[in-house]
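According to TrEMBL, the protein carries these features:
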type	residues	note
ACT_SITE	Cys14	active site
ACT_SITE	Cys14	active site, nucleophile
ACT_SITE	His119	active site, proton acceptor
ACT_SITE	His119	active site
ACT_SITE	Asn134	active site
DOMAIN	1-180	domain 'Josephin'
REGION	289-326	region 'Disordered'
Amino acid sequence: MESIFHEKQEGSLCAQHCLNNLLQGEYFSPVELSSIAHQLDEEERMRMAEGGVTSEDYRTFLQQPSGNMDDSGFFSIQVISNALKVWGLELILFNSPEYQRLRIDPINERSFICNYKEHWFTVRKLGKQWFNLNSLLTGPELISDTYLALFLAQLQQEGYSIFVVKGDLPDCEADQLLQMIRVQQMHRPKLIGEELAQLKEQRVQKTDLERVLEANDGSGMLDEDEEDLQRALALSRQEIDLEDEEADLRRAIQLSMQGTSRNICQDTPQTSGTHLTSEELRKRREAYFEKQQQQQDPPGHPCGKPNTSSGALDSDLGDAMSEEDMLQAAVTMSLETVRSNFKTEGKK
């Protein structure tokens, strides 16, 4: 659609953009439209003067601003209509009694001019396809034949006045080219305001990123989401490691108890059933821990409190040994039990 002429919005010159997009070229400038507006103002003044230059209506008319243009660049329907007369073109209000009398299907027209408040834009057929040439869009918008009537009805519902352009439009390159080919539009154009807002947001994000990079001496930074992910993974690994250590401790103590039970059952006469009672196993463990404590004390050093009761021994051992010491002791106990089993089987 590069061949389609499409003037984008500048200031409030939508009437100029509307006419040039309709005629597909730079046919009118603000100066030329202003000249037409001044001419219309003068014609209206002369008509008002016919009632007397001293009349109250005439003085009121002179005090009022022009109804055909203003300082922002807005031009009235009268200015647009007079500009089109130069090209032999006429405007008829869509769905007016005159238009309904003609009983013409919109699809058979060639172009429309739409107005809402102070905004004008053109809908024109180029080749065999319709295009919305609104100057507020970033580019021409393709309108299908089936959607055209719905599009015009929607504009009317929103308060737009729609005018049918009657007459032969000047030849243009886009019309000739699109008579031979049909175009497809994958993405509809955005409003200029939306595009500008998006570009502004991208510039702000880029500026913020550059500022952060400069603050970090160009070393870059980790994305906040990535940092949160890294922290979550680290905590997860720590929890898994703790769970693995606790599981290892439980398994080692269980193996130690099983090994001790088998060893005791082989070395000691079984007077009270196949397995030792929990009280006998506890005493065996206390004896073993006491032996380990004595081996760890340096020569000549007192061996600690005498073993006056099993409860006192449990308390001392619980205070003196950490989880790591208990794990080491349990593993050692398990290894010694296995060795003892091997020796017993060898003697047999």
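Placement of Cβ uses the backbone N, Cα and C atoms for every residue, glycine included.
Just so you know, TrEMBL annotations never went through curation; they're auto-generated.
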Give me the Cα-Cα distance between Cys14 (active site) and the residue listed as 'active site, proton acceptor', rounded to a whole Å.
6
Separation of alpha carbons, Asn134 (active site) and His119 (active site, proton acceptor) (Å):
10
Confidence summary for the domain 'Josephin' (1-180), mean pLDDT rounded:
91
Relative to the Cβ of Asn134 (active site), which residues of the same chain, six or more apart in sequence, are found under 8 Å away?
Phe121, Thr122, Glu141
